[in-house]
Every structure is written in C-alpha cells, then in structure tokens.
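J.: Per TrEMBL, the features are:
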type	residues	note
REGION	17-46	region 'Disordered'
COMPBIAS	27-37	compositional bias 'Basic residues'
DOMAIN	259-362	domain 'Ig-like'
Amino acid sequence: FKVKIIINLWCVKSKRPKEPGENKIKPVNKKVKPRTPKMKERESVDSSLKSQSILTQVMDKGNFQKLAATLSLAAGQSIELRCKGSNVTWKYPSYLDTFKDSRLSVKQLDRYSQLILANSTAADTGEYSCWLQLCNGNKCRKDETKTGSTYIFFTDKEELFVPTPSYFEIVYLNPDKPAVIPCRVTTPSAKVTLHREFPAEEIETDGTDIIYDAKKGFVFQHPTSDHKGIVYCKAESQGAPQISIKYHLLYVEVPKGPPSATIAVSSSRARFSDRVRVVCSVLGEPDVDVNFKWQYPGQESRRPVITQNFWRLINRGIGHTTRISKSVLLVEDFEDIDAGNYVCIAQNLQGETTVATKVELK
C-alpha cells in the first residue's frame, strides 16, 4: 500500500506542465560548439590590434612606459625610445639628419630598435615615430599594424617658438588646399596669436577658417588673396611675450596638372656657324619643381650642346604669384647635323608635356 502511494505521487509530479522558457536537460555527453564572437566584437578586436603601439620610452631603473599622443620634457633632458621589431624605420625632426647631429643615435638590435637623443633642445620639438618594415627581397613596405608615434615638446621658457634656421619664410596660399604658417611652440599651454605687419593688427582666429594647432602652427583652411602679406606670431607663457620669425604669404592661382609648356627658338633658319638658342618655358605653382629633358638632331652623334635650367617667381597682379621655370639649349656653332626637330619634355608630379620646334639650314 505504501509503495503504491509513492509511485502515484511520482507520476503526478512528473506530469507537471513545463514552465514558460524552461528547457529540457541536455545530455552530458553532447558536444557544444565554441561560441564564435559576433561581427562587432571581431571588428573591435581587429581595430585594437591595429592601434597597438610598438613604441615605448625607457624610464629610470630599466622601467618602460607606453607613450601617449604627446609628451612634454624640459629641454636639456636626454630621452631613450625603443621600437619592437627586427627591421624598424624611424621618423624624427629632419634637421637632426640635415646637420648630422651627433646627439642623435639610432641602433637596430635583434629584437628592437633604439633611439637616443642626448642634451635635447627646443629645436628637437616634433614628431617621433617608428614602424616595422616588411621586406620581400629588395622590396619593403610599411606594416600598418605595427607602428608607434608621439609628439614631444621640449619646453624652454627662453625659446617659446621652435627655432628655425632662417629669419624669414615664404608660405604659399593655394585656393584649393589649406596653408600652414609653421610657428610651432615648445610649450603646449602657451597662448599664441597671429599678427599682420602692415597694417599693424592682430588677425582673428575663429577656430573655423583660421585655427591654431600647437603641433603645426596657424592653419588657413580656405586661403584667399585677402590673406597675402607679411605676418608673424606672438606667444606668451608666464613671462614676457616672444615674437616668431616673419612669414611672407603669397597667393597662388594656377591650374593643377601637367606643366603648361611653350617653346621658342632664336631663329628657325640658321646658317653655318650660327649660334642657335632654344628656350622651353613653364608657368606653374611656386612650390612645384619642373624637370626638363631634351631631344635634338645631333644627340645620337654626341654633338656638343649647352643646357641650363633656372626658375624665378613672378607677380601676375592682384597679389597672385606664380613660378616660371625655363630650360635653355644652346648650339654654339651650327652645322648641317644640327638641322631638325628640337623637342622639350617638361615633367612635374602631375605628368609631362612635350613641345617641339624645327630649325632648318639656310
């Protein structure tokens, strides 16, 4: 009788209706697939790997510190940076290479590259970055996932502006790209203003069309001919204000593209022993270099000619400035072998233009 009651109770209990959301118990021996992270999670992991920095600063007692986007150090201090990797390339203020400064030492070791800058000065202020090179034979490329960068301010109350080798600089104002007046400071907290020399006035920086960036200088987002003239910067930081070098702002308005070239000859018909002069001219942007190549009748016979290249800035009115580049080919003693086509090929970063003229023998 007792057994029968227990069995009936168990049967009643087992027939309890399942609660909403209640699942059956899974067999213990069933294999469960590992959870695959969702797309957003994978993307965040990938992006964090890309932003991983391989650049560190060596501190006292052998400690290391990951570097932030900016770092401030007092001028006179020495600094040691390390970049992980067996094939590392560095970028730092270019003047350290230009003047072959002995204070700078860069060494590649087995597992990292080391950069040491001793007795720093205000002029060392700038970006210090490194990246790993991936090489296949003689061809190398930058590994975008393994880089490091920091901007270091070497503060000096006597040098609020980063020193430059010149006392005067030209800045070209191009209507289709921002222009930078590079009066960078060594103290990021310094208050910096921009001033016109004539008429003497402060130029308002509205934070939109004209902004100030301590790592770049004043940036004109949309330059116009109204901005041309001579300007300078003034900085203040817990002391007497300091003045930067002067900058001459020249407005430029020339079409972008391959060189706009023309060719002219002193005479299209020459006699024996005449002196023939062929000139190839290009009008272009003031800061764009032009390279010239010549093809001429006596070239294969190694006929001696003289070539000379030069350029100068010219003012085309209304404050517009452009650059005229010229190449001159000179035949001192004209002979029959010199008769024929003279071809000038002018090249810039946008492409090349070919122009030609013919010289005949009288």
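Just so it is clear, glycine is given a Cβ too, placed from its N, Cα and C backbone atoms.
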J.: Average pLDDT across the domain 'Ig-like' (259-362)?
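T.: Within the domain 'Ig-like' (259-362), the model's average pLDDT equals 90.
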J.: With helix taken as DSSP H, G or I, strand as E or B and everything else coil, how many residues of the domain 'Ig-like' (259-362) land in each class?
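T.: Taking the domain 'Ig-like' (259-362) as a whole: 3 helix, 64 strand, 37 coil.
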